[in-house]
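K.L.:
Pulled these features from TrEMBL for this protein:
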- 1-34: region 'Disordered' (REGION)
- 64-343: domain 'Deacetylase sirtuin-type' (DOMAIN)
- 92-96, 102-104, 174-177, 267-268, 291-293, Cys329: NAD(+) binding site (BINDING)
- His194: active site, proton acceptor (ACT_SITE)
- 381-413: region 'Disordered' (REGION)
Amino acid sequence: MSGERKSKDKPSSSSEHDRQDDSDRSSENEMGFTLESVRNYLEKKLGFYKESEGKSSQSDDNEKVIEDLTFEGVANHWKKNGFKKIVTMVGAGISTSAGIPDFRSPGTGLYHNLEKYNLPHPTAIFEMDYFQDNPKPFFVLAKELYPGTFKPTPCHYFIRLLQDKGLLVRHYTQNIDTLERIAGVKDEKLVEAHGTFYTNHCLECRAEYSMEWMKEQIFADEIPTCTRCPGVVKPDIVFFGENLPNKFYEYPSRDFKDCDLLIIMGTSLEVQPFASLVERANSRCIRLLINREKVGSRHDVLSSWLLFSKGLLYDDGENKRDVAWIGDCDDGVYALAEAIGWGDELKELVAKEHARIDKMSKGHEEVSDEEVDQLAEQLGKLGKTEEEVSREIDIQSASSGAKSLKNADDKSK
Ligand SMILES: [Zn+2]
């Protein structure tokens, strides 16, 4: 990090500086002085440094934040002393069990359906320039990715529990699926770093449209067009070439200053600037990873950002605070909840909320079965093709689905 380089030029009492001294010492000895000797001189003659201060901060920084740097160690610490200011940061891995495909993973087949659109390259679909010329492929993909009938996962409800218990400082998510909102995480606790399908805006006049409205348009295979002007309406997900939401730049400095636990879940830590959030946590904040792979370590060659940082240390000898739990995110949060005595509470919350969502979508199905039959009959009489009929049915079920989700969201607020 740049801090290390700085410490070479400018004396400071940080431990990085002390370590730097050690490596500098051998070469500088030959020149007859060391940074340490300069520091001692300044300390004695000029009183620039206070030995005791330097020492205490050094030992403080070099000490492990908790003695037992394991998952069990973190859980025991939590039970005994509690964490009070928790930040969470998540990626697609916490939503996959909800059936939401990670469109970045190869083999999900999502891009395959777009072949007929002759994209210059697959990610052009999320590029502003391309979208402005040809929004159709994006909306075809959006129809497949569209959140709607999905249920938040135990991970989402664990975050909700943190919020309900007053422990959640902020939840940073890369996901655009709105499952946090459906799980009842409040807007003020949320930083949707890559935007969200929750709100939509006209690219010309900036008029805002609801998720429900957008869903109707997308499922009708229409290009969503503003009702006030000829502009295309785009979901507020962040495209390449667009800025991240202001919250992403404003909140980290205060959120990470005194947080005592950072929980990282379901992310590859490969996408910047999101991944660099792990570096924002103060040096005494424990960083707990719950993920299928041990990511973000300096041995992780995929994480190019590590050129500028130490990353997560895990088994490294220098590790003072990083712990990894490897496995499925849902299993991980259940294991954590169990270990800190929240197991039953989490299971109950998941069961209760899922039952509520089931009930609503079931109610909608019961009504819509009849409606669908009626509609099919009417359309049949009008001489519509089978394809047109099924599309009309899609519109109907999509719009009632969006309504029930909207209700779910309103109720959980
Ligand atoms: Zn407009």
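Using N, Cα and C of the backbone, Cβ positions are placed for all residues, glycine too.
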K.L.:
For Arg292 (NAD(+) binding site), which residues of its chain lie six or more apart in sequence with Cβ-Cβ distance below 8 Å?
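P.N.:
Those within reach of Arg292 (NAD(+) binding site), by Cβ under 8 Å and sequence separation of 6 or more, are Gly93, Ile326, Gly327, Asp328, Cys329.
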K.L.:
Between 0 and 100, where does the mean pLDDT of the domain 'Deacetylase sirtuin-type' (64-343) sit?
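P.N.:
Averaging the confidence scores along the domain 'Deacetylase sirtuin-type' (64-343) gives 89.
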K.L.:
Do you know offhand how many angstrom separate Thr267 (NAD(+) binding site) and the residue listed as 'active site, proton acceptor' by C-alpha?
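P.N.:
Checking the Cα atoms of Thr267 (NAD(+) binding site) and the residue listed as 'active site, proton acceptor' gives a distance of 13 Å.
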K.L.:
Between C-alpha atoms, which of these binding-site residues comes nearest to the residue listed as 'active site, proton acceptor': Ala92, Ser95, Asn175?
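P.N.:
Closest by Cα: Asn175.
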K.L.:
Residues with Cβ closer than 8 Å to the Cβ of Asn175 (NAD(+) binding site), same chain and 6+ apart in sequence?
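P.N.:
Residues satisfying the criterion: Val90, Gly91, Ala92, Ile94, Ser95, Ile100, Glu192, His194.
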